[in-house]
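Visitor: Below is the structure I would like to discuss, written out as structure tokens.
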Amino acid sequence: MANSQRKILVTSALPYANGPIHLGHMLEYIQTDIWSRFQKLRGHECHYICADDAHGTPIMLKAQQMGIEPEEMIAQVNREHQQDFADFNIQFDNFHSTHSVENRELSSDIYLKLRDAGFIKTRTISQLFDPEKSMFLPDRFVKGTCPKCKSEDQYGDNCDNCGATYNPTDLINPKSAVSGATPVMKDSEHFFFDLPAFETMLSEWTRSGAIQDEIANKLGEWFEQGLQQWDISRDAPYFGFEIPDAPGKYFYVWLDAPIGYMGSFKNLCDRREDLNFDDFWAKDSSAEVYHFIGKDIVNFHSLFWPAMLEGAGFRKPTSVFAHGYVTVNGAKMSKSKGTFIKARTYLDNLDPEYLRYYYAAKLSGRIDDLDLNLEDFAQRVNSDLVGKLVNLASRTAGFISKRFDGKLAKVADTSLEQTFLGKQTLIAELYESREFGKAMREIMALADLANAYVADAAPWQLIKDEAKQEEAHQVCSNALNLFRILVTYLKPVLPKLADDVEAFLQFPLTWDNLNADLAGHEIAKFKALMQRVDMKNIEAIIEASKDNLVPAEAPKKADSKKATDTPVDTRPPLESDPISEEISFEDFAKIDLRIARIAKAEHVPEANKLLKLQLDLGGETKQVFAGIKSAYAPEDLEGKLTVMVANLAPRKMRFGMSEGMVLAAGPGNKDLWILEPHEGAQPGMRVK
């Protein structure tokens, strides 16, 4: 283990249970997951917990519109959220719901402790009431003009424009967001948390390093104005927990939502004998608790939440880490432009590891907004992950398998390996401080060194000389060892790739194993690890994300004529297919023939003759549609070497873009044979 073991509890903000996860949400879960996985990789006891935020009027009203009970709706959303997170490789130790037994008990317990300590006040307030729906209006269901900056169409609790918070009654020209009616004032007894009683503690805590300086400076405005008592109750009808000893009164969603962190962890503790709730939440706990949140909810997590914990006798968070918003192509996410992208839409078209890496490459420990530039996204993934990282293995692994029985050599010159290992402390510090972008740059700089080493050593040339076989063996072994170190450094960011590399290397990638000696170790046969991002997949995401009222055109039925219906010509090849007319050498020289490895082969729906091939050129991947379906099953092609025309102009087909042509011989149907080069040929080599 790298250092003494820490006990860490880490959380992400709870997604609201009335809609799907989108790529704006995913920034936070990817950021938290990377940090959590890093802590586990270092050997620490780290628990990453989360839950759906499942209470409030919005959920109650949406369930009514759907004609179902709120419990049914939030259960359905919970399943969808968990599936999206799992498919993005978000590794929660527990994902729960605020509508749970644990959260009800903890919310009541904290409230009663606050009440008994004198921190709960009651008073009658005049509240906005919808006369058409006969209900008091929650903050978010009243809209009007901000009383501070005069921005229109703002919610009743805070202003998106200036960030001010206020009471719904402070709005100018309020309207009910439920019915559109002008609300009337009606008296109601409400419960308040005495936040001003904690002003001294909060002032010190927010300046203690527990939150970022930018956030502490912003919260300073609250202290300048003087903290106010916080309304924690809502009137029936309301979907949530009823306040003890107060029939018809319910906890405001922002009271029980952060308690949901505790509720989810309590649920985990109750299912595991090795976890104790008090070890993490008791006043004298030595464990670390970290909250990752968006900058829009810092007041709840950095003022109300630590004050509630302090007043109820629990420990406060070690730190609250805030991040900025996500923009797409330099602008706010837009449904009309197709840039308001749901997690599921992305997953239907692209590898989640791509987005994990791109977000990591742009994240820092600050609260800056992050722009998802889709062209830059494709270029960075293709350059860094495919061109630099995976290319390192694809260029060298084949020699180990074919020439050296799959076993790695003892490397004499380990100077480059020592350079790689010498970066582990810096990379660990960057992960720890959430400077993921800087960490990615350090790792990719190492990848550049490794690729330059392979290019200079040129094992594909060494392998041709019988006197240099051992040198070639060492170069390839060294390259794969450097590749192992790089993927270990990237394991928190690219967990699926790391799993695949562990299977390929037949060796666990852990921080403690970074300096392992793998001389004589046997590896498995190399398989393609990652494909290039194709802009057509990004275009498909944008198109699927647009608000479009025009029904999609029904897919055309496939031609029912079978490939086997084509008559077979039994004449000799030259008679049935004479040699074409003569061309000049200059014309032939324009054709760039390259060795390619078939990384992936799959059927093309509605195409009787085509297979879709992903061809690895040893640093670049091209997609080709080949008319060889009658002769080959996709699974029989994967891993084979073949010859392709690499500089053929891309051709847009009904099924996608074809970026070249594979060479095959034969009259057709089952009598087709793709060209397969002899052993020693490598992807990317020119055929002369």
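Backbone N, Cα and C atoms are what each Cβ position is placed from, and that goes for glycine too.
Swiss-Prot lists Cys146, Cys149, Cys159, Cys162 with the feature Zn(2+) binding site. Annotated ATP binding site per Swiss-Prot: Lys335, in sequence order. Taken from Swiss-Prot, the feature compositional bias 'Basic and acidic residues' applies to 554-564. Here Swiss-Prot flags 587-688 as domain 'tRNA-binding'. Marked as region 'Disordered' by Swiss-Prot: 552-576. The annotation motif ''HIGH' region' is assigned in Swiss-Prot to 15-25. Positions annotated as motif ''KMSKS' region' by Swiss-Prot: 332-336.
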Visitor: Taking residues 6+ outside the motif ''KMSKS' region' (332-336), which of them lie with a CB under 8 Å of any CB in it?
Guide: 22-24, 326, 545-547
Visitor: Please identify which of Cys146, Cys149, Cys159, Cys162 has the densest Cβ environment, defined as other Cβ atoms within 10 Å, among these binding-site residues.
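Guide: Selected residue: Cys146.
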Visitor: Using Cα coordinates, what distance in whole Å links the residue listed as 'ATP binding site' and Cys159 (Zn(2+) binding site)?
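Guide: Counting only the Cα atoms, the answer is 22 Å.
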Visitor: Mind giving me a neighbour count for the residue listed as 'ATP binding site'? Other Cβ atoms within 10 Å of its Cβ, every protein chain shown.
Guide: 12
Visitor: Cβ within 8 angstroms of the Cβ centroid of Cys146, Cys149, Cys159, Cys162: which residues besides those meet this for the Zn(2+) site?
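Guide: Surrounding the site, in chain order, are Pro147, Lys148, Lys150, Ser151, Gln154, Asp160, Asn161, Gly163, Ala164.
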Visitor: Tally of helix, strand and coil residues over the domain 'tRNA-binding' (587-688) according to DSSP?
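Guide: Per DSSP, the residues of the domain 'tRNA-binding' (587-688) fall into 7 helix, 46 strand, 49 coil.
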Visitor: When DSSP states are folded down to helix, strand and coil, where does Lys335 (ATP binding site) land?
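Guide: The three-state answer is coil.
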Visitor: Find the average pLDDT over the motif ''HIGH' region' (15-25) in the predicted model and report it.
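Guide: Within the motif ''HIGH' region' (15-25), the model's average pLDDT equals 97.
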